[in-house]
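Peer 1: According to Swiss-Prot, the feature [4Fe-4S] cluster 1 binding site maps to CYS73, CYS77, an assignment based on sequence analysis. According to Swiss-Prot, the feature [4Fe-4S] cluster 2 binding site maps to CYS76, CYS79, CYS84, CYS93, an assignment based on sequence analysis. Marked as CO binding site by Swiss-Prot on the basis of sequence analysis: HIS116. Positions annotated as [Ni-4Fe-4S] cluster binding site by Swiss-Prot, on the basis of sequence analysis: HIS250, CYS278, CYS317, CYS517, CYS546, CYS581. Per Swiss-Prot, the feature [4Fe-4S] cluster 3 binding site maps to CYS409, CYS412, CYS415, CYS459. Look at Swiss-Prot and you will find CYS419, CYS449, CYS452, CYS455 tagged as [4Fe-4S] cluster 4 binding site, backed by sequence analysis. Among the features that Swiss-Prot reports, domain '4Fe-4S ferredoxin-type 1' is placed at 399-429. The domain '4Fe-4S ferredoxin-type 2' annotation in Swiss-Prot covers 440-469.
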Amino acid sequence: MIDVAPESKKAKDLKGDFWDAKNIQISIGEIITEEKPPEEEVKGPKPRPHVTDLRSWDMKLLERYEPFYAPFCDMCCLCTYGKCELLGKKGACGIDAATQQARTVLLACLIGTAAHAGHARHLVDHLIERLGEDYKIDLGSNVDIEAPITRTVMGKRPATLGDLREVMDYAEEQMSHLLSACHTGQEGDSKDFESKAFHAGLMDDLTREVADLAQIVALDLPKGDEDAPLVELGFGTIDTEKPVVLCIGHNVLPGADIVDYLDENEMEDQVEVCGICCAAIDVTRYNEAAKVVGPLSKQLRFIRSGVADVIVVDEQCVRTDVLEEALKNRSAVIATTDKMCLGLPDMTDEDPDKIVNDLINGNIEGALILDPEKVGEVAVKTAMKLAPIRKSLKKLPDIDEIIELASECTDCGWCQRVCPNSLPVMDAVKKAADGDLSKLEEMAIEELCYTCGRCEQECERNIPIVSMVTKAGERRVKDEKYRIRAGRGPAQDVEIRRVGAPIVLGDIPGVVAFVGCSNYPEGGKDVALMAKEFLERNYIVVTTGCGAMSIGEYRDEDGQTLYEKYGGQFDAKGLVNMGSCVSNAHVSGAAIKIANIFAQKPLEGNFEEIADYILNRVGACGVAWGAYSQKAAAIATGVNRWGIPVVLGPHGSKYRRLFLGRADDEEKWKLKDLRTGEVIDGEPAPEHLLYAAENREEATVMIAKLCIRPTDTPKGRQMKLSNYIDLHRKYLGTIPDDIDRFIRTEKDIPIVYKRDVMKILEEKNWKPRELPKEPSLLER
């Protein structure tokens, strides 16, 4: 088989026994010795969409859900024209405040997307180097639609690891165009910047799917296993008598090779391997013997505890002062990716034993090793030799020392002023000076303090407040023993067939996905309580990353974690841990599969029809209660483009932009019924696309509300409104005053609340309206 390429050679004369020709041009391309299966036909109108190809869909979303901007400041300081004040003015380049905010949002989304894309590129290239380009993508007999995002965006199914390189090439090309639009004197419209942010979010979705797909098939991670094992979670599960290797970050390769080295040398029981953040999630997907310390909020506390003999860092969400903190108690640091070199010498080509000796003897502060297999050997050998030397360092300041340190406090109050959650830090320190550690202990046990360390930076007496908080909570650390279900990967096709109709018709009231980071306003318990609320109400609860860990750190009144109480099936009352940050792609993927499997919508190149279906029919809502990073911004924006609303915590307003609907503007909610061709009155469902709630109570009510969809059957709508009203009464004390907007006919009214609701309807002069048969925002 000859694959024609553009390079060519010309022959002036070509003669033979039966051939005589001149000026023949022959193109010779790659010679392929093995026949490849024919590529699937591209079915949809827009495969591999360029920056503007989905702009019309974006504008429909932005017309309904107008951007609400909350800038940190009114200045633009991006070029040497500035700095320019934009409050009621334009900058020297002509940009206004809204457009500048939209550009900032696009930049944040691109940073997040680049982080996931860089991660995916690392994985794909390394795994191809190990296994070859022809390594098959196979998720088992229960998953036929193994890459729903890739199929929809690229227009074809990836069959091998090599095919994923093509996906990465496309995403990286799009990111280059998007970033160029941020240059001074380029895009000048805020909504077009938002359209580009949507495209960046879609590229983020795409590259996350590539990353998780590659590691699932190449490392044999669970392939949609609803019975994925329960693994250990919490400080108290770590055996501090053993050498301890701690992995921090998101790239599974170094951690997997550490586990492999232990296994190959029959040392599994001699060394503890644990992780913080998504590295922990993915290492336990690879080997259930590894342990999860907790979400990224545990990072500084655990490093300060001195438990880790070796700290292996890869990429994303690692404290940039990790080396400085590790050196305080002689923990060895190994950096493993080009994203985070920490100023360390590159030891990739050095003999492993030499690296170990240099680390043990303090000849180097740490090592940069870009070969994951070598990381495995060096990390284990270093931990084995360093642990006996460091045994006396695995402790925090004693109680008397804490009292002495606290007595240095000058009552300046700066620790409280700079605390992101305005915790009573100074009061806790003052009580500690009197020998009362209860307030410090409360901050540790209730996870109110997520150890950002800003209080220490401001303290004029250099009081190590985070270390004091950690020590105060130490006596309870031994009780921090929980169970979390290992990340299972995508929803199986058979599960989608089972739940597709109940979700679209409203019989299952919704799919709620708790994702994101641990920048919580009042601790991780809030996430667990919200998850518990919706599990008890028959929702499907999906989770990933730090959110999955926070849910696991809660025990109910029976002493069980929610993972022990609820199964891992993608079905009503299922608590589904899909995996790490990159596994968030399976949340969007499940919604896409519903459109394909239940509604028979073709995927390939058919983004707009799929997104339109999800927006109007699939009752799903994302919750990023502790979102802090640019990655979280990209994830939320990508999910929004598919038509899935997201609720943020109060810190989410710092992303500078929300997508809020106006329920009072009836024109914005009109729908086209594709079955009849008529434009009909709609309802604010979902009312918002990106919303920041002030507290758990408000968020819980809003989540239930954002699962309402125009296609709910009367029975399904009754169920959804029953939850909405019940939660509103439970947390806010009243029946919602907008309930009339969601009653289409009297059949929608929950029987339990019929009298109260009918009274409201009469007061508001409510009129019944027609139910849409096939609602859409599209013209066709």
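For all residues, glycine too, the Cβ spot is worked out from N, Cα and C.
How buried are these features, and what lies next to them?
Peer 2: DSSP assigns CYS77 ([4Fe-4S] cluster 1 binding site) to coil in the three-state reduction, outside any helix or strand. Proximity of CYS77 ([4Fe-4S] cluster 1 binding site) to non-local residues of its own chain (separation of 6 or more, Cβ distance below 8 Å) is seen for LYS83, given in sequence order.
Counting every protein chain shown, 26 other Cβ atoms lie within 10 Å of the Cβ of CYS76 ([4Fe-4S] cluster 2 binding site).
In the three-state DSSP scheme, HIS116 (CO binding site) is classed as helix.
DSSP classifies CYS581 ([Ni-4Fe-4S] cluster binding site) as helix under the three-state reduction. Counting every protein chain shown, the Cβ of CYS581 ([Ni-4Fe-4S] cluster binding site) has 30 other Cβ atoms within 10 Å.
Counting every protein chain shown, the Cβ of CYS459 ([4Fe-4S] cluster 3 binding site) has 21 other Cβ atoms within 10 Å.
Applying an 8 A CB threshold to same-chain residues 6+ apart, the list for CYS419 ([4Fe-4S] cluster 4 binding site) reads VAL425, ARG454, CYS455.
Sequence-distant contacts of the domain '4Fe-4S ferredoxin-type 1' (399-429) (same chain, six or more residues past either end, CB-CB distance under 8 Å): 435, 437, 439-440, 442-443, 448-450, 452, 454-455, 457-461, 463-465, 468-469, 471-472, 519, 521-522, 651.
Long-range neighbours of the domain '4Fe-4S ferredoxin-type 2' (440-469) within the same chain, counting only residues 6 or more positions beyond its ends whose Cβ lies under 8 Å from a Cβ of the stretch, are 297-301, 304, 396-397, 402, 405-406, 408-410, 412, 414-421, 423, 425, 428-429, 431-432, 476, 518-520, 522-525, 550, 553.
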Peer 1: Treating G and I as helix alongside H, and B as strand alongside E, what does DSSP give for the domain '4Fe-4S ferredoxin-type 2' (440-469) in helix, strand and coil?
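Peer 2: Going through the domain '4Fe-4S ferredoxin-type 2' (440-469) residue by residue, I get 16 helix, 0 strand, 14 coil.
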Peer 1: Which residues does CYS93 ([4Fe-4S] cluster 2 binding site) neighbour through Cβ under 8 Å, counting only same-chain ones at least six apart?
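Peer 2: Same-chain residues close to CYS93 ([4Fe-4S] cluster 2 binding site) (Cβ under 8 Å, separated by 6 or more) are CYS79, TYR81, CYS84, THR184, GLY185.
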Peer 1: Per residue, counting other C-beta atoms within 10 angstroms of the C-beta, which of the binding-site residues CYS84, CYS317, CYS452 reaches the highest number?
Peer 2: CYS317
Peer 1: Return the count of C-beta atoms lying within 10 angstroms of the C-beta of HIS250 ([Ni-4Fe-4S] cluster binding site), excluding that atom itself.
Peer 2: 27
Peer 1: Give the number of CB atoms, excluding that of CYS412 ([4Fe-4S] cluster 3 binding site) itself, located within 10 Å of its CB.
Peer 2: 13
Peer 1: How many neighbouring Cβ atoms, not counting its own, are there within 10 Å of the Cβ of CYS409 ([4Fe-4S] cluster 3 binding site)?
Peer 2: 20
Peer 1: For the binding-site residues CYS73, CYS79, CYS415, CYS517, CYS546, which one has the sparsest Cβ surroundings, going by other Cβ atoms within 10 Å?
Peer 2: CYS73
Peer 1: Among all chains shown, work out which of the binding-site residues CYS278, CYS449, CYS455 has the most CB atoms within 10 A of its CB.
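Peer 2: That would be CYS278, with the highest Cβ count within 10 Å.
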Peer 1: By a simple count, how many Cβ atoms lie within 10 Å of the Cβ of HIS116 (CO binding site), its own Cβ left out?
Peer 2: 29
